[in-house]
Ligand SMILES: NC(=O)C1=CN([C@@H]2O[C@H](COP(=O)(O)OP(=O)(O)OC[C@H]3O[C@@H](n4cnc5c(N)ncnc54)[C@H](O)[C@@H]3O)[C@@H](O)[C@H]2O)C=CC1
Ligand SMILES: O=C(O)[C@@H]1CCC=N1
């Protein structure tokens, strides 16, 4: 059994714990380290897992998942490094943080420590997460396999290079929010057309579920599926023309560039913190 310590029990830490529990991971194989005591207690109760301090949480952990804000990663990994430096047990350190390069973590740990990055998304909560995994400098293939296996228990996994992580973050890390915004807009538009809100919610969310299943069904691609909805001279063609004229594609491209750019700047923030530590 792989013992997993999740450091940071916020939104993504909880999504991981929930997905792991749902997929059958034993509660005794999960430990959560969360700075806010009330939140730690909440997670411990909800998922029947141990909530503890960082030293005890890291002790004997096979995989230590860092799920704190990017800006907090250097300080937290510093403490993890202290906690595991004397251990004979090898721990893999996995960062979920947007932007932060593996090198920042490696610099805080004993020489040669295996570090990987994973960019997951909140759909882990329902077993349909999408995660991209990349190895740091000292991680070997068996470390990669171990992390891929964990993330596969909560959804789909792709292996990428670290250079691709900003783009991944902008597509699948932040991506659920883009679909949620579209769903909100559809619901509000339905209400504007006179539908009761609960009916509009059912229509929009059920349509999202069906469209998602068709998109991931392994059959036709998105353009082909869209053509099949668009009857000649019909309603869909009229709607799509309006969406295109409103600049939907350009808006999506700009949004993805904004997210990737923000990811790059989070890297700079974490790297400068790292430099400060090393210089001072
Ligand atoms: N929310 C999302 O959809 C995704 C988030 N991420 C990454 O996951 C990380 C966390 O994001 P969220 O969960 O959204 O943030 P969040 O703010 O909800 O959670 C962070 C948690 O870490 C805790 N924390 C802070 N310092 C700590 C410490 N020293 N020891 C233990 N716990 C500590 C905080 O109390 C908080 O509960 C970020 O780096 C983000 O880039 C990655 C993919 C998706
Ligand atoms: O918004 C964020 O910064 C995090 C990373 C990807 C999704 N949520």
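A Cβ is built for glycine as well, from the same backbone N, Cα and C atoms used for every other residue.
What TrEMBL records for 67, 68, 69, 70 is NADP(+) binding site. Residue 68 (NADP(+) binding site): 22 other CB atoms within 10 A of its CB, across all protein chains. Residue 68 (NADP(+) binding site) falls outside any helix or strand according to DSSP and counts as coil.
Taken from TrEMBL, the feature domain 'Pyrroline-5-carboxylate reductase catalytic N-terminal' covers 3-99. If you take every residue in the domain 'Pyrroline-5-carboxylate reductase catalytic N-terminal' (3-99) and average the pLDDT, you get 97.
Here TrEMBL flags 162-266 as domain 'Pyrroline-5-carboxylate reductase dimerisation'.
Around the Cβ of residue 67 (NADP(+) binding site), the number of neighbouring Cβ atoms within 10 Å comes to 27.
Same-chain residues with CB within 8 A of the center of the 67, 68, 69, 70 CB atoms, the NADP(+) site residues themselves not counted, are 8, 10, 66, 71, 72, 73, 76, 96, 97. Less than 8 angstroms from the CB of residue 69 (NADP(+) binding site) sit 8, 97, each of them six or more residues away in the same chain. For residue 70 (NADP(+) binding site), applying a Cβ distance below 8 Å and a minimum sequence separation of six or more within one chain yields 97, 98, 99, 100, 266, 267, 269, 270.
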